[in-house]
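The domain 'PRMT5 TIM barrel' feature in TrEMBL is assigned to A:35-286. As annotated by TrEMBL, domain 'PRMT5 arginine-N-methyltransferase' applies to A:295-457. The S-adenosyl-L-methionine binding site annotation in TrEMBL covers A:Y320, A:K329, A:Y330, A:E384, A:D412, A:M413. Summarising the annotation, TrEMBL assigns site 'Critical for specifying symmetric addition of methyl groups' to A:F323. Residues or ranges marked as active site, proton donor/acceptor by TrEMBL: A:E428, A:E437. Residues or ranges marked as domain 'PRMT5 oligomerisation' by TrEMBL: A:460-636.
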There are 2 protein chains.
Amino acid sequence: MVITHPSNATYLYVGLEFDTLSDIKASLNLVETTGFDFFLIPLAKTRQSSKEDESGGNSGELSFEPSVSSDLELCGNIWNSVVLGNLCCKLNGELELPQLESYFNQQLSWAQHLNLRQSFVVAHVHSTEEEHVALANMVCNALYEFPRESVCIRVCIDDQLSRSHSENHEVPQSSYMDSWNIWNLYQQCCHHHSNLSVALECVNTVYPSPSLTFLQQWLSEPVRYFILDTKIFLKNRQGFPVLSKSFQDLLQKFLPLSVDIIIRGEALHPNGYSSYLQYLGYLYSKQPILEESYRIEMPYFDYLQTPLQPLSDHLDSQTYETFEKDPVKYCKYEEALIRCFEDRRGLRVPLVVMVLGAGRGPLVNASIRASQRVGIVVRIYAIEKNPHAVWTLKSIQQKDASWERVEIIAEDMRTWNAPEQADVIVSELLGSFGDNELSPECLDAAQRLLLSDGICIPCEYTSYLCPLSSPKLYQEIRSLSYQRDGNGFSSFEVPYVVRIHHGQYLAESQSCFRFEHRIHNCLLSQKSYPHFRYQRLSFEVNGPIMLHGFAGFFEAQLYDPIYLSTRPLTLSRGMFSWFPFMFPLCYPIYCGDKTSRVTLHIWRKTIPGKRIWYEWMLTEPVRTKLHNAHGRCYSMNCF
Amino acid sequence: MVITHPSNATYLYVGLEFDTLSDIKASLNLVETTGFDFFLIPLAKTRQSSKEDESGGNSGELSFEPSVSSDLELCGNIWNSVVLGNLCCKLNGELELPQLESYFNQQLSWAQHLNLRQSFVVAHVHSTEEEHVALANMVCNALYEFPRESVCIRVCIDDQLSRSHSENHEVPQSSYMDSWNIWNLYQQCCHHHSNLSVALECVNTVYPSPSLTFLQQWLSEPVRYFILDTKIFLKNRQGFPVLSKSFQDLLQKFLPLSVDIIIRGEALHPNGYSSYLQYLGYLYSKQPILEESYRIEMPYFDYLQTPLQPLSDHLDSQTYETFEKDPVKYCKYEEALIRCFEDRRGLRVPLVVMVLGAGRGPLVNASIRASQRVGIVVRIYAIEKNPHAVWTLKSIQQKDASWERVEIIAEDMRTWNAPEQADVIVSELLGSFGDNELSPECLDAAQRLLLSDGICIPCEYTSYLCPLSSPKLYQEIRSLSYQRDGNGFSSFEVPYVVRIHHGQYLAESQSCFRFEHRIHNCLLSQKSYPHFRYQRLSFEVNGPIMLHGFAGFFEAQLYDPIYLSTRPLTLSRGMFSWFPFMFPLCYPIYCGDKTSRVTLHIWRKTIPGKRIWYEWMLTEPVRTKLHNAHGRCYSMNCF
């Protein structure tokens, strides 16, 4: 009985944990009748004292015995879809590390035999750093020994939550590592292994609202489960289990990250566990209805894409279709064109409009609609170098009478020999990082098409950057790390386009590269490298947090005051044509307890007529190498 | 006229720098007649004001013109062996970065055309960090654009030297970066590129003695040149140029690192430059005579070797021969055997000695000599599993009458079925890190060969580790970084055996793994994993310095009080059988201005009967991943 959101078509999976196991069929029956989706069992039979083990005669080897008599107790598809395993891994000092590791591996080997989809390891908050290092070492080894197995680290966040309330005040520091720091140790030790995730466990009754630091740290981590003890539930007036308001809020922040919930502890309500399940179902249904654009983007969450290169590669039909559906972008263009046409009404008849990179015609349509709205006559040139899209344009022209004054030009805008100059050139050449689809190069080469008082839409655009924490994306990039040759080609020296979901922006974005396309731009003519850019950006980041790279956005001025923006602060809401850009760093950088200054240097390098690329490096809080030096891992072709 | 050390057969190359160039043939003539080995010229013709460039009409492009009329002025082998080039790269704000970069690349392209073996770039000590970042970016790009070219960064160390005198006192800090920090920026930006090196330039007259920090920082860097201005020379009573005592000391520290010297500035002595050359020749001849072992080791300086695996691979003839030449090791063994035989004299006749891993017989000989010296009768079993070495043993036995009581056993010591038990087993199974050639596994398996009161030589050994700074070795490992598969197999997760030359130990070594081979070792019998080890080591490191890994050594007790040691503090002098071990880190770690705590965790993991490997990670000053997890990059085979 999967909990479904009535409007969002999203699901919440809830499981039940059994601390001990006497009859797995009875457990399965309870789980199924109550409506849980899965359950957790201990993998090993509960051990008696270690003395017993020794007398077992296996010369100090800890003898593993499964918690069930054999794999025949359940059928295969139940094991691999409904049962998850808890690994016993207490470091109690009595036993040597290799014995424990062997015992640990025997459990995981058993889990692999059963095809369980997840095993859990408890990282005790009261363990010392050295104990965590020992356990993290075992986990890391196991991930390589059992490459099909997924391991989830359970950390109790009670301490961190209760401490975070008094954050920024001088509180007596606990001698224990906080829960995020513990998890971070496992993650760093295992080098962000893609089979490693984390479960947040809550045992205490009362929580204050979580701090911003808490959310910043955890919302970007690969959190797979929330484990809720029945003790943390309060009773409402009818005696049913409910969660405190602040805890509800916390949970609502994590539910969109596709976490599953696990209930543990005794059912404290006469109806048993079903009342907990009902409450969670109610809570889940209260989640806000997802915006249409969010729903469209969901399949792309944290999915790394290589930035498009529409100048050198022809876009395909599917890509055109997706972009044409944007409900905001073309409205903004139409609005900009209306204002532009109004300002130029009567200057010339007809007004000459050139659509540079017309694609399958959306900006041609916007131009036609705008001219009709303003009531002026326009002659439209639709310039498109992709021969496949030109077929579309010609086909539309034959069917659509409003296209009678459109002339279709199958040429590259940079070399087209125009019969006349334009009043307005309009284009949609921007990429996720503004200039990264080579709009500056194309539009400056097309300035000769414009009358001396002509208008370019967009007339300027600026890219923005902010520091990004995203262990999840680092994990993804690491698993991509294909190595082309001995020169160290690396997936960490390539920018990506990605709908960042598990990630946190660590500071307000700052402007990076600005390009302007206004006639008689005197600066332009003096520069021999008009499209080279360099920027140094300094951010203040509140730690402790790991920095994994930078997220990129842009703002474009179409025609004052009409803007497009992908920048969080000034976002054009509902517009989905652009996901953020991302510049990764070759290894995660720790930003400490206090505020850290993060200084990024970034270059837009060009070999005119050949290729353009970005290079980036940090100088604070530590210096890194120059990423993508000489564009050796990634560059954009001009031809 | 290369300066040669009379006894060491080492060379000092001295060059002359020309700030400007009017007639290159005259310059070459001066260089050759004076006796210099090479000379430095500016690559570009001296530029007039930038206005002139602009009027050149090349639309702001800086026009490069060579300092010579063409490559015909000298013949090819002179260009590539005697001439080095200076790159002009002043960031003066007048010019855009891409213009400067283009100008920079034109010079380097010219140097490549001439096949010059080295080009120099000045990193001005009074430039801002941002200017250095800009220049480092150009250098880094150039290293990829001109992969055959070597670039040397010139930094003036005057400031750092004069400041370092008052080190550890509160001195008003200069607003400029110190010279090591400047160089470190270039090196980090270029990610320790193997075609990048550094030249230390001295312009001021008086120097105090360099501080320890200064030496620690620079002696491990790839310093290729010392550039001495004639102004830093004093005059002796006869008016000849000499260097101050403290400067002589400094130079003597760097000369063994194969630095070349470049003289610059006006010749201030009536005899011209030849008096400087004579003085340098005199200074060079004063270098201490190299020890024989040092001379033998020179070809191995900073040469990374994969540790031997004599248990799974048969050593070859050359390797045996090299090790047999060690002038210290077998004397120590003989001494240990003498003491052992004396202690056991009369216990049994004959005394049974087993040489485990007899190789080509050096320990058999040591045993025979020791028995003769003590005057007792021994029966010697020479156990050797390498069939090729067994031929050698048999051949010696036929010719050498002293071998009459030697029995040659072509078996593996771990499985040999012995006809009797031994009084003494003697072996030489230690690797550079003590246990890394699996001595513990072999000797414990051979304990059954020993009488209950028998003696094992060596009876115990301990490995040692200390933090290591070695940009040079990091550079070497980086250039090895072969990538076997997508799982990130890396040359940074493999230990090496290497005669560390360009490298500094940043703290006293600490004991790591200890193994004991004494009969009735009760601890041993109780442990199910007797050869597993884990150690946590904390070091205090004085910065600023980069940490690149850890150097490993061992101490072995043959028979109390006879020791072998490769540990710097207790070194067995003259013994050359073992170079240090090295555990690299996957990226260089910055240890800041103050004292940093460096905490290393290291494991010796085993799958008994299969393989053994080390894993390591840092938790301070930053956490790293677990290196070589599950032995995926490197392990030692037991079979």
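Each Cβ is built from the backbone N, Cα and C atoms, and glycine gets one as well.
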Among A:Y330, A:E384, A:D412, A:E428 [recorded positions], residue with fewest other Cβ within 10 Å: A:D412
Other CB atoms, at most 10 A from the CB of A:M413 (S-adenosyl-L-methionine binding site): 24
Confidence summary for the domain 'PRMT5 arginine-N-methyltransferase' (A:295-457), mean pLDDT rounded: 93
Coarse DSSP state, helix versus strand versus coil, of A:Y320 (S-adenosyl-L-methionine binding site): helix
Secondary-structure category, per DSSP, in which A:E428 (active site, proton donor/acceptor) falls: coil
Where the record names A:Y320, A:K329, A:Y330, A:E384, A:D412, A:M413 as binding S-adenosyl-L-methionine, the maximum Cα to Cα distance in Å: 24
Cβ packing number for A:F323 (site 'Critical for specifying symmetric addition of methyl groups'), 10 Å threshold: 18
Nonlocal residues around A:E437 (active site, proton donor/acceptor), in sequence order (Cβ under 8 Å, 6 or more apart): A:P307, A:L308, A:Q309, A:P310, A:L311, A:L429, A:L430, A:G431, A:M636
For A:Y320 (S-adenosyl-L-methionine binding site), nearby residues of its own chain (Cβ under 8 Å, 6 or more apart in sequence): A:G359, A:R360, A:A389, A:T392
Euclidean distance between Cα atoms of A:E428 (active site, proton donor/acceptor) and A:Y330 (S-adenosyl-L-methionine binding site), Å: 10
Cα-Cα distance linking A:M413 (S-adenosyl-L-methionine binding site) and A:E428 (active site, proton donor/acceptor), given in Å to the nearest integer: 13
Whole-number Å value for how far A:K329 (S-adenosyl-L-methionine binding site) lies from A:F323 (site 'Critical for specifying symmetric addition of methyl groups') (Cα to Cα): 9
Assigned element (helix, strand, coil) containing A:E437 (active site, proton donor/acceptor), judged by DSSP: helix
A:K329 (S-adenosyl-L-methionine binding site) CB neighbourhood, other CB atoms within 10 A: 23
A:D412 (S-adenosyl-L-methionine binding site) - helix vs strand vs coil (DSSP): coil
